[in-house]
Amino acid sequence: MAAPRSWALWSFCGRGWSRAVSGYRVPGLRSSWPRGPLGARLLSQEKEATETHFGFETVSEEEKGGKVYQVFESVAKKYDVMNDMMSLGIHRVWKDLLLWKMRPFPGTQLLDVAGGTGDIAFRFLNYVQAQHQRKQKRQLRAQQNLSWEEIARKYQNEEDSLGGSRVMVCDINKEMLKIGKQKAHAQGYKAGLAWILGDAEELPFDDDKFDVYTIAFGIRNVTHIDQALQEAHRVLKPGGRFLCLEFSQVNNPLLSRLYDVYSFQVIPVLGEVIAGDWKSYQYLVESIRQFPSQEEFKEMIEDAGFQKVTYENLTSGIVAIHSGFKL
């Protein structure tokens, strides 16, 4: 999500949430990144104050950043509930399919951008933990000569249940990250998880750092999509994979008409009733209609330097998963 540029790091550890302070070198963060208190990150002065869209409204690029920030600040507390209501729970299946398509391997380093409430991160942690446990059981079965005590000791000495896999959740909105941290604490997610307050257009990470970059239902809110894609390419390792789950264009004429009615007549009403916010959900519906088609977005990903770019439509194109590789 694009918004006024500010930066901070919040990492999760066994003792709680710790804030990075000036002078502390965090591995993987860009050494040239501006330091300072929250909200004081330096802006890119080179960007021209050109016009863009905020839903169906025409605004300046700088203004859009602030408006999008306010939208997600407003909806953060009801974001997950509204996702269930708006999609009738189908968004959970879409996100599961994203993980199935990713198929992370042991030791995968994932960057999940615009992932404030943690949906993709938690699925990733569940996946890699289950994968690591299956691997461990296969190894134990192969060692038939071990005694019960040796097997128990092997399980007890297991320090990393994720097999070295890690996920960083990066979002520009403090409130969205706050909700994600609360969910992580409530659901018992501790190891292998970090939270970063940062901008998709100017990621605070070194080059060639991550194996996989994901962004789910976030890239259409970015002011400069091309710049966000270039940043995704920069932070991925050679051979790394880009995966984007986003609303797209419905390819079934009948479903398209029904979807339009539901989107414009029902979703804003749900937003008002459940979240007390009609305007934010009106924007979210309009932003979907402004997002490029599947083919257009595929070309944008290729222009950013990715290769072997493909996409898969889900639910007749209501959403699509785009995939590309840094080769």
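The backbone N, Cα and C atoms fix where each Cβ goes, and this holds for glycine too.
Cβ neighbours within 10 Å of D199 (S-adenosyl-L-methionine binding site), excluding its own Cβ and spanning all shown chains: 26. The S-adenosyl-L-methionine binding site annotation in TrEMBL covers T117, D171, D199, A200.
For the binding-site residues shown (T117, D171, A200), fewest C-beta neighbours within 10 angstroms: T117.
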